[in-house]
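> There's a structure below that I have some questions on.
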Amino acid sequence: TLVTAGVYLLIRFNMMLVDMIFLKFLLLLSGLTMFMAGISANYEFDLKKIIALSTLSQLGLMMSILSMGMPDLAFFHLLTHAMFKALLFMCAGVVIHMMNDIQDIRYMGGISFYIPLTSLCLNISNLALCGIPFLAGFYSKDMILEMVSMSNLNLMIFFLYYFSTGLTMFYTVRLLFYLMVNDYNLMVVYNLYDEDYVMLKSMFMLLFMSLIVGSFLSWMIFNYPYMIYLPINMKMMVIYVMLMGLFLGYLVSNMKIYSINKFLMTYNLSN
């Protein structure tokens, strides 16, 4: 998408930036960007804003791995992230259009019952964003996190990386609960159309790409494979963090604090 222009510029000019003090500042700032975007995506109720903040978090991931001196990994993650994030934006556009231009996720719910194919694309692209194994996002994200684990950085950068990965899973599960499992909330604009079959043509192409492009590009880009030598707990750390984020997202989605919509409680009165 368009927002990766700065990342691409720094990938092109990365040879001019080696051994500069700028890269250390860039590593700190992009790690904090990842962390901040993941935190604030958890407290948003706007569908487009959640997706935009997750894009910001992934951009922080690309910039931080770039500032550690691995531009090929940053470019690889840029390409795979482009696939499923474009699919995610298209699905969100279809959902907002079918909700009569309402973006608040507290209004939505039970979408998978009405628009199943769009929900399929939305869920698969969301899971590829989390880095579920053998989808597109897993290959790039897992390799980035393993290279971070191998490098001798301090504990704060390590914590920022892994905590931001867990937060990605967190807001994805929150979005999935708000969109898929609740009942349909806003009974006034009960105007769900059928599937938009014009959009589904390109969405299924992007769905296919976000399934296969991770493994395909990891064979095609790296002519010499990365030698990653880690103990089993460090190798499985991404999976641990993902399961932890999944569990915490499930628990927070089951809490009755945010799920009772304060606006819809005055629904009868306003009606």
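A Cβ is built for glycine as well, from the same backbone N, Cα and C atoms used for every other residue.
TrEMBL annotations: computationally assigned, not manually curated.
Residues or ranges marked as domain 'NADH:quinone oxidoreductase/Mrp antiporter transmembrane' by TrEMBL: 1-166. If you look up TrEMBL, you'll see 20-43, 75-99, 111-139, 159-181, 202-222, 228-252 marked as transmembrane segment. Marked as domain 'NADH dehydrogenase subunit 5 C-terminal' by TrEMBL: 171-269.
Please situate the listed features within the shown structure.
Residues of the same chain lying 6 or more positions beyond the ends of the transmembrane segment (75-99) and with a Cβ under 8 Å from any Cβ of it are 1, 4, 7-8, 11, 47-48, 51, 54-55, 58, 61-62, 65, 107-108, 111, 114-115, 118-119, 121-122, 124-126, 128-129, 135-137, 139-141, 143-144, 179, 186, 189, 191-193, 196, 199, 202-203, 206-207, 209-210, 213-214, 217-218, 221-222.
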> Who are the long-range neighbours of the transmembrane segment (20-43) in its own chain, taking Cβ under 8 Å and residues 6 or more past its ends?
49-50, 53-54, 56-57, 59-64, 66-69, 156-157, 160-161, 163-164, 167-168, 170-171, 174
> So what's near the transmembrane segment (202-222) in sequence-distant terms, Cβ-Cβ under 8 Å and 6+ beyond its ends?
72, 75-76, 79-80, 83-84, 86-87, 90-91, 94, 117-118, 120-121, 124-125, 128, 134-140, 143
